[in-house]
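According to TrEMBL, the protein has these features:
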- 1173-1193: compositional bias 'Low complexity' (COMPBIAS)
- 1205-1214: compositional bias 'Basic and acidic residues' (COMPBIAS)
- 380-522: domain 'RCK N-terminal' (DOMAIN)
- 796-940: domain 'RCK N-terminal' (DOMAIN)
- 1-24: region 'Disordered' (REGION)
- 103-127: region 'Disordered' (REGION)
- 714-742: region 'Disordered' (REGION)
- 1170-1237: region 'Disordered' (REGION)
- 57-79: transmembrane segment (TRANSMEM)
- 152-170: transmembrane segment (TRANSMEM)
- 190-208: transmembrane segment (TRANSMEM)
- 273-294: transmembrane segment (TRANSMEM)
- 310-328: transmembrane segment (TRANSMEM)
- 340-358: transmembrane segment (TRANSMEM)
Amino acid sequence: MLAEADGTAPHGSDGSMRTSNINSNINPDSSILISKMEDVVIPFSSEVPCDNNGQRMWWAFLASSMVTFFGGLFIILIWRTLKYLWTVCCHCNIKSKEAQKVSNPANNQAADKGPKGPDEKEEAPASEVGWMTSVKDWAGVMISAQTLTGRVLVVLVFALSIGALGIYFIDSSDPIESCQNFYKDFTLQIDMAFNVFFLLYFGLRFIAANDKLWFWLEVNSVVDFFTVPPVFVSVYLNRSWLGLRFLRALRLIQFSEILQFLNILKTSNSIKLVNLCSIFISTWLTAAGFIHLVENSGDPWENFENSQSLSYWECVYLLMVTMSTVGYGDVYAKTTLGRLFMVFFILGGLAMFASYVPEIIELIGNRKKYGGSYSAVNGRKHIVVCGHITLESVSNFLKDFLHKDRDDVNVEIVFLHNISPNLELEALFKRHFTQVEFYQGSVLNPHDLARVKIESADACLILANKYCADPDAEDASNIMRVISIKNYHPKIRIITQMLQYHNKAHLLNIPSWNWKEGDDAICLAELKAGFIAQSCLAQGLSTMLANLFSMRSFIEIEEDTWQKYYLEGVANEMYTEYLSSAFVGLSFPTVCELCYVKLKLLLIAIEYKSEQRESRSRKRILINPGNHVKMQEGTLGFFIASDAKEVKRAFFYCKACHDDISDPKRIKKCGCKRPKYKYNGYVRSPDGATTPGNSGSQKETGVRFKADCNLVEDEHPSTLSPKKKQRNGGMRNSPNCSPKMMSRHDPLLIPGNEQIENMDMNVKRYDSTGMFHWCPSKEIEKVILTRSEASMTVLSGHVVVCIFGDGTSALVGLRNLVMPLRASNFHYHELKPIVFVGSLDYLRREWETLHNFPKVSILPGTPLSRADLRAVNINLCDMCVILSANQNNIEDASLQDKECILASLNIKSMQFDDSIGVLQANSQGFTPPGMDRSSPDSSPVHSFVRQASVTTGSNIPIITELAKPGKLLPLVSLSQEKKSGTNIQMITELVNDSNVQFLDQDDDDDPDTELYLTQPFACGTAFAVSVLDSLMSATYFNDNILTLIRTLVTGGATPELEALLAEENALRGGYSTPQTLANRDRCRVAQLALYDGPFADLGDGGCYGDLFCKALKTYNMLCFGIYRLRDAHLSAPSQCTKRYVITNPPYEFELVPTDLIFCLMQFDHNAGQSRTSLSHSSHSSHSSSKKSSSVHSIPPTSRQNRSSKTREARDKQNATRMNRMGQEKKWFTDEPDNAYPRNIQIKPMSTHMANQVNQYKSTSSLIPPIREVEDEC
């Protein structure tokens, strides 16, 4: 320790000597000799050879560094000077030689022609690529980070530099200069080894340097100059000087480079942050080391007497308070060198502190809050949700996905979006923190996909922005997301939302896209149009289906209001569950009845496995199949129930244990042995979903089958062969006929089946798949009606589609609306004419997809024009659909639906003349347009049937407005229904759910009420695309659900049809073959009236369960809901004709005569034929089926002279057409000509009624009816 000459206590005397430098056996007092000299001396130990005079030797250490630095710098400068002079001299010699060559051209030519030595021109290049160059290249490779060796060497040098800095921190607690024994001081030995390595690395760097001068002046070189030589001097002098070893802290500046070499830092922000932090810290530590040196040593010109004892960390503290300009004053510099250094350092330090620290804080603050990585939990699946992530989309998704009725959902939801969530969305995530995580990133970035563990995810769900201004651009973005995800992990299951139907074709271009493996595209335009189209066939069906596929909680209402019954039905959802082995061998109607009566479950469909050997691995969904389908082991059923726990009864049911149990809640798992279902890779999930197991893949089992319910493939025919299906149609005179009995007959012996063998193969009536009616393409000019033509054409029972759009509007996809209305399971005469009212520019763009459908007409105009609406007889239409293609072009959400709302209110405010009054007409009156008398007098049901409102099943009259002989029509009458526009059946599409409050002026819906609780939605008069959001979670839990809903609403769209539309963007006509005609034999939704007919006895106070069983047993009709008048529960009569939907009522639910029953009816092969009446039912109401015209003819009821000429002209026209149709109908298997004798009695009509009808009869013969397929083909 340092001591003064007068023997006073030295500074830092409280510190002890190094234990390694003092022998423990020597007395410390006798081992230290203090020289009485005027100069300051240092203590020394007798065991350590040191300067006996105790003289400080700091100058020797400093001199070694200075000599090395300046000596090398001098040598480099001398070398560069000599090289420069040599170059100048050589340049002068060359110029003199060139001057001589110019002066002696003859000598130059001779010299050029003379022989040259072989080595004159070759030795120069050889000397340039000598061993020095090779060594230089080798050294450059060794220190570069481009090779593995170079990276290892660079990282090792940095690590050793940090180690040397650590040794400095340890030695800083000792005196600045002290005697050391190299052989006993362990830290000195380690420091020596480090510096030897630094010296070798310095040599490599020096050899590889192109500019030696700049290399000599580099920071790293200066650090080596002042740290490496003093170590060798300390070994020679047996003493240590702390000196400038703190300069090793400057190596921290390279910290970011090292992290980049190790591929740790990848983003610019992270690199910048590490650079700022390393520069700040290295400058801070280096400056603290200098203060520590000068303050503990003192000023040299003061004979080191003004030194003070400060630890290194106190100096670090002093520098920080100095840079921050706080300056507490508890620690300060006493030496002149220290204060002088602080004066200059505070200038640069303050500037650095003021600029670096805020930037560092900003970078840290701007780091992604949600930038981590997902950690998978063992035994718990997770899904990734991306795309359009907003508060609305996420809340709707979570509300349905995490609904309590799904039982325990053991799935974690990981959201990935490139924009951080706002406060509301962040609060939503925090409320579901146990099952929801959010990460900021993009699915287009493979790094972000790795962060969310997409390779181990159970599925990836992509949400679309339903309200975007450019749907095609939104679809393109989602397709790119699919491509990115599939490129990263081809086996991941993807469920994506698509806005436009035609964009689904692009997904087929992705090589790894495979619907057989569970990939699905939920096209909102397709399903929205399908829901609306089904409402045209059975109003209110869109509301019922939307509620079935959405998770709604049960809301109990004590008051006897319509909301009470509606909400009881809303609580029902669609579930899947395997059927118990107790049902094996039973027919579907038997199982369906047992489930409804015994288990309180509604079974509507099954997943059927064919018994044929070649199709054992193929499964198909059968919706309400007939008696020919028997239950198999492991059959998957589709149920309508209130929660998943109730559906488990179908799996637990045991005939031996539960046959005598009346309470379905007591049906639980029993002790009987039952097979464990592991069929073709399927296992049960808690929510009733099916997931692929270990025994096979989905691709092998054929989970993704065709979307139609009874589709027949060439290689996989259905259980019921085409001939059997034709036989079934020919023998359906009795609804109780057994399919087994039918199968015993030869199909060629059955009347009406000889047409199969004599089909005209040159006529195309259906598309190539046999799923839709088809006609040759027509020019749009042939279907355009002027207002006068439309006014003179008596339109009735048709569908009016009011469409808002122009030449620049986005296409809504009207083909998806028309296709369900042209499904082949309707007979041609049952097709409702469709009239589009809208801009011709817009409809021209849509016509390319519509020109192959029959009975389609266009009235150019605007839906806001009452003249156009009256021209198309909107008061006589079956349904008015209001659509808009301009909804998403408006930023204000409240104004997005303005056109649809204005059109709806405009129609409701219209008044119509009571020109066709049936309010006082009885059954012996006339038949209004759209009504047809088909029952003979002897039939139990002799009434009016309005064809357009109802559909007929197997010999069942499905009647909307009925009247018995001598009995007036009830409240629901055509006159009352059409006199005011408020009673016109219509459905309006909405974008903004809150705008539903403007549709009905007589409701009391709150603006904040959810859409499904509002009156227009409950009545089926409003539909919003937001209700389709629930299909994302429903499809994830069971992809069969999406297949089922497509089957119900699209009319039979299949993956094969989608592939065809992707190729041609149009339906292709196909020849009628037994296979394509068999595809017509599939269920469809209809509405059954209870006022009269075979179920009239149940319509007045009967139980719904009795109706369910009777319809199922007698006609294979599956009832699943009621469409009831809103005020039917009131005792007082009401003039309101609004109806609401009741889904799956209980068995004891009481019926009223005005109820309409939703049912799944079988295809009727003989619906176009007149048949003898059954003992329990009326005759089919289609006596005019042979006249396929959109103008529903009015049969004559009296031979009146003033109408005879008109009638004769019309009869001649019809006779000509019928002759041509009779020739064409030879191939038409389901409408044979004169298969049965007609027995129709025409009753006379009163003169008053006849006069009201003559105005229609007189104009109908003046112009041709709406152009249709039979006039074109």
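The backbone N, Cα and C atoms fix where each Cβ goes, and this holds for glycine too.
Because TrEMBL annotations are produced automatically, they should be read as predictions rather than curated entries.
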Worksheet item: Residues sitting near the transmembrane segment (310-328): Cβ under 8 Å, six or more positions beyond its termini, same chain?
Response: 169, 172-173, 284-285, 287-289, 291-292, 295-296, 342, 345-346, 349-350, 352-353
Worksheet item: What parts of the chain pack near the transmembrane segment (57-79), using Cβ distances under 8 Å and only residues at least 6 beyond its ends?
Response: 51, 176-177, 212-213, 216-217, 222, 225-226, 229-230, 232-234, 237, 239, 241, 243-244, 297
Response to the item:
Sequence-distant contacts of the transmembrane segment (340-358), meaning Cβ under 8 Å and at least 6 residues beyond its ends, amount to 276, 279-280, 283, 287, 290-291, 294, 319, 322-325, 333
Fill in: Mean of the pLDDT scores, which run from 0 to 100, over the domain 'RCK N-terminal' (796-940)
80
Item to complete: Taking helix as H, G and I and strand as E and B in DSSP, count the residues of the domain 'RCK N-terminal' (380-522) in helix, strand and coil.
Response: 60 helix, 32 strand, 51 coil
